[in-house]
Amino acid sequence: MADDLGDEWWENQPATAGSPELSGGEEGGDTEMTQKDTVPVPEKTKQPTECFLSQVKEPKTEDSRKSRKWKKKKISDILAKSEPKPGTPEDLQKLIKGHYSSSRSVIELEELHLPDSCFLKCNDLTHSLSSYLKEICPKWVKLRKTHNEKKSVLMLILCSSAVRALELIRSLTAFKGDAKVMKLFAKHIKVQEQVKLLEKRAIHLGVGTPGRIKELVKQDGLNLNPLKFLVFDWNWRDQKLRRMMDIPEIRKEVFELLDMGVFSLCKSDSLKLGLF
């Protein structure tokens, strides 16, 4: 029976129906699984992160700079745009009113108003000191000869510093003649030394700072009653382009000196004021 079957009986045996299907099913299953495995998984879209370092800064406009930073106007800038104007009696009147407005009543302020008659002709910025003094005081020689009272002067010139006082004294040569001139400032000169000099002989002309002159009046070293002319070095400017009345300390001392009888002397018409 074994011989009937033959040696290669398996080769002629029909393939079972399930075999191809199984093989095909396996192949299809593998293909299907492969396709599933090879489908790309969609990646999550990343939101762009904002980098603060890479941001481009917008240039600041001129308007924003101006609003943040305000530059104070300098006197030099103001003078560069306008011509210098000589001082006037109205300038002094305004300063007096502004200085005393917070401490004096309305009636007292009216009493401090200086009469126009007490003001001499002002410097129009064309004069030297000698030429200006000759114009406002043509009878100086006669006054100088008749003045013999000690502890007093005929004319006072107020300025802002000792250095400026020395400059003014040097420029007085053409005017003073034989008049005795005295330095009235604090630099290198003690008050007591100046008091002794004023007691020793009659002085015709004094040039100095309001602070030292005020101190001499306080110590009875200087009597203001014989004074005939009080001249302010009004228009001159220092290295910072400040006039003497632009400096708060000097301005305060000037008004303190005016309070020591100058106002009453002006109203009695015995004292004249000049703005050089």
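Every residue gets a Cβ built from N, Cα and C, even glycine.
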Out of S23, S67, report back the residue that Swiss-Prot marks as phosphoserine.
S23
Quick one: pull the CA-CA distance for T209 (phosphothreonine) versus R164 (omega-N-methylarginine), whole Å only.
9
Ten-angstrom check, please: count other Cβ atoms within 10 Å of the Cβ of T209 (phosphothreonine), all chains counted.
25
Translate the DSSP assignment of T209 (phosphothreonine) into the three-state scheme.
coil
Please report the number of other Cβ atoms within 10 Å of the Cβ of R164 (omega-N-methylarginine).
19
